[in-house]
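All remarks here apply to the structure that follows.
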Amino acid sequence: MQKVSVLLCLSWVCFLFYAGIALFASGFLLTRLELTNHSSCQDPPGPGPLPRGARGEPGACWMASRFSRLVLVLIDALRFDFAQPQGAHKPGEHPASLPFLGKLGSVHRILQLKPRHGRLYRAQVDPPTTTMQRLKALTTGSLPTFIDAGSNFASHAIVEDNLLKQLARAGRRVVFMGDDTWKDLFPGAFSQAFFFPSFNVRDLHTVDDGILEHLYPTMDSGEWDVLIAHFLGVDHCGHKHGPHHPEMAKKLTQMDQVIQALVKRLENDTLLVVAGDHGMTMNGDHGGDSELEVSAALFLYSPIPLFSSTLPEEPEVVPQVSLVPTLALLLGLPIPFGNIGEVMTELFSGNEDSPVYSSALAQAAAVHLNAQQVSRFLLTYSAATQDLRVEELQRLHSLFSKASADYRRLLQDPQGEEAELRAVAADLQQFLRGARALCIESWARFSVARMAAGATLLTAACALCLLASQWAASPAFPFRPLLLLSVAWGLAGAIVCAGLLATTGLQLDLVVLGAVAAVGSLLPFLWRAWAGWGARRPLAALLPIPGPTLLLLLARWAAFFSDSFVVAEARAAPFLLGSLILLLVAQLHWEGQLLPPKLPTIPRGGPATPAGPPRHQGVHALGLGLGLLFCTRLAGLFHRCPEETPACRSSPWLSPLASMVGGRAKNLWYGACVGALVALLAAVRLWLRRYGNLKSPEPPVLFVRWGMPLMALGTAAYWALASGADEAPPRLRALVAGASVVLPRAVAGLAVSGLMLLLWRPVTVLVKAGSAASGTRTVLAPFAGPPTSQADLDYVVPQIYQHMREVFRDQRERTSAQGPLTVAACQLGSVYSAAVVTALTLLAFPLLLLHVERISLVFLLLFLQSFLLLHLLAAGIPSTTSGPFTVPWQAVSAWALLATQTFYSTGHQPVFPAIHWHAAFVGFPEGHGSSTWLPALLVGANTFASHLLFAVGCPLLLLWPFLCESQGPRKRRQTAGSEAEARLRPEEEEEEEPRMEMRLRDAPHRFSAALLGLGLKYLFVLGVQILACVLAASILRRHLMVWKVFAPKFIFEAVGFIVSSVGLLLGIALVMRVDGAVSSWFRRLVLAQKR
């Protein structure tokens, strides 16, 4: 099998998985239909008279406006308890531990001194709690769906009816300042705007200071009707430091000063609204649906009395979308067409001097207009999509019709009682709440057909990996013809599908087209499997995975069906990894490899010789297992607690050094981080030097010697700047800011340069020999002639390598009396693994820069765990010629589990609030402008760093057993005077030094088949994980935790699979590039000898 066929086959299998994932996602993560209808003053929401005063006063539309101006202050991530007074804290928790309490003093003074002028609410936010989705809800009154969270930083213009469009139609002047997300959502909606970049979560002041520079002059000028200020400092402080940091108290104090200054400037016709778009977790993140994330503060104030009732004991809880219809009617605007929010009726009751009946009538009029608008939306939406439940829709329509008829009857009866009006208003509110619940339920709709088809395609891909991994060991299996036939069938299926869609006039769906191509390409392989499977084949051959390993994997896959186990996977993964390690050690004991040998070994073709030490001593293997368990336990100290376990405390070591208050502790931790960085670099260089891979003046070797230390130095310098940037003197801040840009880019540039050099010259071999008395001379073995075919070359190359070793030994013996023979050579015995280890180290440096400083300790543990696991796995593989060519299933399973464990140890969780957004600004502190792919790439590299590193390093599972042959070299044994006899011995007796990875070239076809089998096994283990997530999400799609646990888990596993599969292809491609370079090197050596 040619090596290019291996890459093509693995790429095709990856395509099958991609098609299945995309097909399932298109049925599981659907977005709702966005209607483009608009409300207007000329088109009332329903039949019947409008409230008195409507259309009769200037600025009136459906209802007479109560305010002509609005100041909307949006404080990003203003959690509700941030607006609570100092005395509001949890029992048993000292207020000093909550620096955010009591900082909005102006709000509390207004509530105490002017209770009828202001009111504080707890706004209930609908998930996902990301800024773009909250802005959509705050302007349209609708509910964004789950999948919209993925476009939080790739905002698109809102096409639905919204408050800003209604303001523009009414000719109102809207001035905006703050978060530039509004620029993409509402292009051209502002008469004047001051946008500031919003994505740099490490910058606490730029946006806020920019707003304050324009806020008060704009307000004093009077050239505005609606003024919107979106502050970001509180949100960024939460991301950078968390809510309990003293910096949060400073930010909230600054916001309190803003509120106080605005209150002094308000006129009687102006309404002030201070709102948070969402909350934040205890770690300062958001995006999910925990109680702290969905609880936001909402404060309303007017210089004139706004409420007729007294201040309640506890703040009222209102849905956040209720603000939209409330503001629309208060400003005399039509309610946006797609709104499903409910008006806050107490804002329409008038002041304390208003008659009771008039207040009840105004409230009923407002809620009736709101109900008419929602009823119109439901009828229009159900006619366009037909996905609302008909029974519930009819029940709601009956409820609305009855309440609306009662309302119109009461309007005609001037002697109506206030109790009847309030009863009608209550019925209308019940209708509004039922309509909102119906929409929430219906917009979580699924396409069961696509979900089932995607799961079936993933199942077929997993079965193909399982079967093909066994077929790869057979040299007679026709992989290339079947691969070409599969590609032809897939292309034919895609062409036929595209033709049918074109002739029927249906829209071309790329997801369906890819799925049809995948199914078509699968048919030849499935037919081959069906035809080749006979009754003589045992059923157990379908599952070649050993029983204990299969049991552990089944336990892991079954855990994906339980939300509790998914939440606790950070603890389950190390447990399963430790169990598998103990299983490997027990297997070595059962096979007798932990015991010293009792019988002498007999070499091939020769007499018995005294037994040397075993390749892996029992104590050595036990030490490997214990060391691996110890490192796994250490890595578990770096953990991030999921929000579902409030009793858990996340590791403080996952926070950046800049968030530490004590200078001495920060310096000690910085020294530990730099020490881990130096230890990692030193360990890799010592390993390369041990196997002779640092003895050549070739460019890649020179880069390892000098380029990697420069990368380590740049990383340490960047950490020093990042941890102390806020403490830098003002005169040096410009220099620090410039260095913070240059250093990460320089490290990334060096890493890319090193990888390019490695791909260009992956084999660095210098073969020269000379004595101390004479000049240097090249030692080459005589050769009869060049090979005439590729088969001859594959046979001759290993012989040349072995013969060179023999010539070197003979030269050393003949020149020992004259002087030592100096030999400079990069050993070919570790040429493959050296390239992979070098590539992993080059990748690790830029990935490490994207994490916080103390994760360097986790990266050091990552490399240490990998080396220990590789040695332990190599101990269980026999040293015979056929043994190492087959990577056992327990090795692949342990490697995948180690990748999962490292994912959690680097501070990640499969939920959106745990994403490390700060990684997008490493090297780009000022943001990325309009670019979205680069920040997405940086955040993705931070999140899936462990997936990438372990996938690229997967070929080491095949290479390491060959490499470990050097641990027990057989000594040359000769008696005095027998040198001539020794030279006449058969060649088999001459193989005394281990050839290590050069044995792979003895059988190039088996080498390629081994790479293919390894790749298929790794894809199978990862593929069954994503299949388990798909089945869990399908079966539990109506589960209470589907959007909180199962849907994020599926998305993270899907993206992780894509990253891992790409990394696997890159790792195998690197090994093949090295193999081709080794062949070219030997070919040049042969041609030079011929000349």
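The backbone N, Cα and C atoms fix where each Cβ goes, glycine too.
Remember, TrEMBL labels are computer predictions, not curated facts.
Computed from a predicted structure; not experimentally measured.
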Seminar exercise, completed: Which range is transmembrane segment per TrEMBL? Of 63-82, 703-722, it is 703-722
Problem set entry | Stretch-level contact, the transmembrane segment (1009-1035) and the transmembrane segment (703-722), CB cutoff 8 A, at least 3 pairs | no
Problem set entry | Paired segments the transmembrane segment (857-877) and the transmembrane segment (668-688) in contact, 3+ CB pairs under 8 A | yes
For this session: Mind pulling out the one from 508-527, 572-590, 734-760, 944-963 with the most Cβ pairs under 8 angstroms to the transmembrane segment (1055-1074)?
Result: 944-963
Seminar exercise, completed: Spatial neighbours of the transmembrane segment (703-722) not adjacent in sequence (6+ beyond its ends, CB under 8 Å) are 656-658, 670, 673-674, 677-678, 681, 684-685, 688, 694, 736, 739-740, 743-744, 746-747, 750-751, 753-754, 757, 838, 841-842, 845, 848-849, 853
Exercise. What same-chain residues lie close to the transmembrane segment (572-590): Cβ under 8 Å, and 6 or more beyond its ends?
Worked result: 548-549, 552, 555-556, 559, 565, 616, 618, 621-622, 625, 628-629, 632-633, 635-636, 869, 872-873, 875-876, 890, 893-894, 897-898, 900-901, 904
For this session: Counting only CB pairs under 8 A, let me know which of 508-527, 734-760, 944-963 has the most with the transmembrane segment (448-469).
Result: 508-527
Exercise. Against which stretches of its own chain does the transmembrane segment (508-527) lie, if we need a Cβ under 8 Å and a gap of at least six residues from its ends?
Worked result: 12, 15-16, 18-20, 22-23, 26, 453-454, 457, 460-461, 464, 468, 482, 485-487, 489-494, 496-498, 501-502
